[in-house]
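Here is the structure we will look at, set down as structure tokens.
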Amino acid sequence: MAIAATIIGVAGNVVAALMFLSSILTFIRIAKKKSTESFSSVPYIASLLNCILWVLYGSPINKNAMLVVTINGLGTVLNVIYVFLFLFYARKSPKALKRTSLYTFSCLALVAAVGFGISLGIHSKDTRITIFGVLCIVLNIAMYWSPLSVMYRIFKTKSVEFLPFYLCLTVFINSALWFAYALLKHDIYILVPNVLGLAGGAVQLFCHYIY
């Protein structure tokens, strides 16, 4: 059972890395056009906050989650780059720049305050794991469903141009692998968001199938 969990966890890390790296294609387009066009910054901000909290959940809060820490450490670095690139290329759109800046700094300040507050104010390890686990569930769900922040545009234009296909595909596969990992490890905090992640990924792929 432990070997199976490790194999699935490693496979999940590989797919999660591909999920994070898939956004490079979007930013190549943004860089070429020197504009964020109608792409949403929400997926990158949600992913950044999600990765930061999972790193905190894995170490030093829960030292038995090294696979979770390694992939989310990579995700944190990549999403910091993505958010800064989005801010840089959103300069031509004051509204998008203001909105992205507000979302980013507000959310980071909130996570920092909550993280330090829990770490310094709550001494019970089990309680810290529970609180961080619940927060991770919320942000993990937000990350998986965030590509659908452009859903209104999809319905209006009947186009999935600004819903990156490879991001949707890797979200679905990644959720499936981490769902299996959570079942083997009996970790409810990894299980719950990935059940909903599977649903979110399925909806995103269905949008691509329809449009």
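For all residues, glycine too, the Cβ spot is worked out from N, Cα and C.
As recorded in TrEMBL:
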type: TRANSMEM; residues: 6-30; note: transmembrane segment
type: TRANSMEM; residues: 42-59; note: transmembrane segment
type: TRANSMEM; residues: 65-90; note: transmembrane segment
type: TRANSMEM; residues: 102-123; note: transmembrane segment
type: TRANSMEM; residues: 129-150; note: transmembrane segment
type: TRANSMEM; residues: 162-182; note: transmembrane segment
type: TRANSMEM; residues: 188-210; note: transmembrane segment
* Structure fact -> Sequence-distant contacts of the transmembrane segment (129-150), meaning Cβ under 8 Å and at least 6 residues beyond its ends, amount to 38-40, 42-43, 46-47, 49-50, 53-54, 56-57, 61-62, 114, 118, 122, 162-164, 167-168, 171, 175, 188-189, 192-194, 196-197, 200-201, 203-204, 207
* Asked: For the transmembrane segment (6-30) against the transmembrane segment (162-182), do we get 3 or more Cβ-Cβ pairs below 8 Å once near-sequence pairs (under 6 apart) are dropped?
  -> yes
* Could you give the residue numbers and ranges of same-chain residues that sit at least 6 residues beyond the transmembrane segment (188-210) on either side and whose C-beta is under 8 angstroms from one of its C-beta atoms? => 57, 68, 133-134, 136-137, 140-141, 144-145, 147-148, 151, 154, 160, 163, 165, 168-169, 171-176, 178-179, 181-182
* Structure fact -> Other same-chain positions with a Cβ less than 8 Å from the transmembrane segment (42-59) and lying at least 6 residues past its termini are 20, 23, 65-66, 68-69, 72-73, 75-76, 79-80, 82-83, 86, 100, 103-104, 107-108, 111, 115, 119, 129, 132-133, 135-136, 139-140, 142-143, 146-147, 149, 167, 189
